[in-house]
Amino acid sequence: MSMKYLMLLFAAMIIRSFADSGNAIETTLPEITNATTDIPAIRLCGPEGDGYCLHGDCIHARDIDGMYCRCSHGYTGIRCQHVVLVDYQRSENPNTTTSYIPSPGIMLVLVGIIIIITCCLLSVYRFTRRTNKLPLQDMVVP
């Protein structure tokens, strides 16, 4: 039983590699056969599979009853019904430039930091100016 699943997995990987290259499945679908019979393990669905896969090709696996979908590029899901979303940053036009305007909150924080630094520098300047004006006799230690 595990050999059948291994063959199915191998066939799915081959089909997926052909799908990524953009080739049509009718021309690239490998014919995987069992040693005892000449019936392909994976084949395209017949007329019963028309419309089963919304954005892809219907595949029937001999060992597992049921139909499965091989989704086209950009789609995912059991029946290829979901669109794969691309990153917004990569989908933008590269020729456009984006300018960022800082919010008023950020501007207030920056102005506050500048005011605090200015106040600290002024207090240090005033303190050193006062100590420099002291007479020399006040600085002598008894």
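Note that Cβ sites are derived from N, Cα and C of the backbone, with glycine treated the same way.
Quick caveat, the model's predicted, so the values are computed rather than measured.
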Residue among Cys45, Cys71 that, according to Swiss-Prot, closes a disulfide with Cys58: Cys45
Cysteine from Cys71, Cys119 that Swiss-Prot links to Cys80 by a disulfide bond: Cys71
Residues that sit under 8 angstroms from Cys45 (disulfide bond) by C-beta distance, when 6+ apart in the chain: Tyr52, Cys58, Ile59, His60, Met67
Residue counts (helix, strand, coil, in that order) that DSSP gives for the domain 'EGF-like' (41-81): 3 helix, 16 strand, 22 coil
Other C-beta atoms that fall within 10 angstroms of the C-beta of Cys58 (disulfide bond): 20
